[in-house]
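Notes follow the structure.
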Amino acid sequence: MSRFAHPAGDRHAEPPAHERPPLAPADLNRINPTIWPRTSGRVDGALTIGDVDVRELVREHGTPLYVLDEHDVRSRMRDYATAFAGSEVHYAGKAFLCKEVVRWLRDEGLGLDVASGGELAVALSVGFPPERITLHGNNKSVAELTRALEAGIGHIVVDSYEEIARLGFLADRHGKRPKVMVRVTTGVEAHTHEFIATAHDDQKFGLSLSSGAAAEAVRRILALPSLELVGLHSHIGSQIVDTAGFEVAARRLATLLVQIKAEHDVLLPELDLGGGYGIAYIEGDEAPDIKQIADSLREIVAKVCTDAGLPVPRLTVEPGRTIVGPGGITLYEVGTVKDVEGLRTYVSVDGGMSDNLRTALYGADYTAVLASRESSAEPMLSRVVGKHCESGDIVVRDCFLPADLAPGDLIAVAATGAYCRSMAHNYNYLPKPAVVAVADGEARVIVRGETEDDLLRGQL
Ligand SMILES: Cc1ncc(COP(=O)(O)O)c(C=O)c1O
Ligand SMILES: N[C@@H](CCCC[NH3+])C(=O)O
């Protein structure tokens, strides 16, 4: 995913032109609206979000700090509801889930995808309507399936033959008949990092279309009276900006639906096309247009089905990153600024891979700016690193920061709303930072930051 990774096996080779560090931006102080939250800007030199000055946020809540722009997130929820009017939009909670985000979803009329019993518990704890919840996972436990059945959630997406048998048995025992979908591996090679591509055959998710496993799963479900097969599901991967893969997957899924009608005389009323749409992380990134995606997916499915003389199924999409990613930032305080002669400057901040694992895990790119003030100093090629005991503990691999950067300055990293707090961990016993929602000049803690007591809890 990183544009700047060195070719494997030769760490000293000059990287090809497209992998070299970027040129310094013309204006280091710029808050590019395609990357930063919708309400962000600079006032008196300092970054503001939701009309709140980040210096105030830090005075009140410390650093590192996740900040979520409520207007940004809610407006993206509404953008999806509008673009996919007539279809279902289920927010993928794995991107970032907490009680308050669930309340926003409920207000804005979206559904929710959960990938574990824990995510389900968050949703149910604030009374989210269970019929608007879908449960995913390649290895759901008996306890998770049982809880889903007891709560009466809307859909369970089955991912293996074992799960079909397990769920069929549990549903029978509990006197339930859940709506299920089959997760189909459509064979699409998504253009994204290997670890987050999910529709090629050689990975753990789903049942393969090409091998016939998906069709066999359909047969097995139809043979179980305790399961109601309502549709097919596909999710090809995450942070995908080339929309062609979504279209191929939608066509393949719709074609399978037509084949199922021919083989079983069963008309499935639903297709779930997953999520995975990319966002802009750095200058020059272009995020796909949601309205265009909605129109093209609807058109493709409608054509395949009407050509076969079948009614068009109800569509669902499951965006995570595109809803919550761009509205989130992380604030850090600079602790040390170390010039490594002839190479770059290492800017150490008070968080790192425990609050943002994505750079270490996928070589992800991010944008960072000096947030507590403006500066007219020269650009300095920088690497923003954390405080963990790992040299791979990098937050922003390559960026330009002003050469007068000093300890005590605040740095903001953009587009950290998705898959940062949700993948945070406690390596080196660093507490997970708080999440603060900002809107209309007010800031509210929506997830409390961990304390030393939290870190020691549970130890005997
Ligand atoms: C089944 C499923 N649906 C939806 C998503 C959401 O993906 P994204 O956050 O990339 O939109 C994921 C994660 O990739 C997923 O695994
Ligand atoms: N966690 C990944 C995406 C995986 C999405 C879930 N299947 C990321 O940060 O990009």
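Keep in mind that glycine also has a Cβ here, set from the backbone N, Cα and C atoms.
Positions annotated as region 'Disordered' by TrEMBL: 1-31.
Taken from TrEMBL, the feature compositional bias 'Basic and acidic residues' covers 8-21.
Positions annotated as domain 'Orn/DAP/Arg decarboxylase 2 N-terminal' by TrEMBL: 72-324.
If you look up TrEMBL, you'll see Lys94 marked as N6-(pyridoxal phosphate)lysine. Counting every protein chain shown, the number of other Cβ atoms lying within 10 Å of the Cβ of Lys94 (N6-(pyridoxal phosphate)lysine) is 21. The secondary structure of Lys94 (N6-(pyridoxal phosphate)lysine), as reduced to three states from DSSP, is helical.
Residues or ranges marked as pyridoxal 5'-phosphate binding site by TrEMBL: Gly276, Glu318, Pro319, Gly320, Arg321, Tyr419. Around Tyr419 (pyridoxal 5'-phosphate binding site), taking its Cβ as the centre, 25 other Cβ atoms fall within 10 Å, counting all chains. According to its DSSP assignment, Tyr419 (pyridoxal 5'-phosphate binding site) is coil.
The substrate binding site feature in TrEMBL is assigned to Arg321, Arg358, Tyr362, Glu390, Tyr419. Reduced to three states, the DSSP call for Glu390 (substrate binding site) is coil. Other C-beta atoms found within 10 angstroms of the C-beta of Glu390 (substrate binding site) number 13, with every protein chain shown included.
What TrEMBL lists as domain 'Orn/DAP/Arg decarboxylase 2 C-terminal' is 326-417.
What TrEMBL records for Cys389 is active site, proton donor.
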With every protein chain in view, what's the tally of Cβ atoms within 10 Å of the Cβ of Glu318 (pyridoxal 5'-phosphate binding site), excluding that atom itself?
25
Could you check which of the recorded positions (Lys94, Gly276, Gly320, Tyr419) sits closest to Arg358 (substrate binding site), going Cα to Cα?
Tyr419
To the nearest whole angstrom, what is the C-alpha distance linking Tyr419 (pyridoxal 5'-phosphate binding site) and Tyr362 (substrate binding site)?
12
Among Arg321, Arg358, the one of these binding-site residues whose Cβ has the fewest neighbouring Cβ atoms within 10 Å:
Arg358
What is the maximum Cα to Cα distance, in Å and rounded to a whole number, among the residues Gly276, Glu318, Pro319, Gly320, Arg321, Tyr419 annotated as binding pyridoxal 5'-phosphate?
15
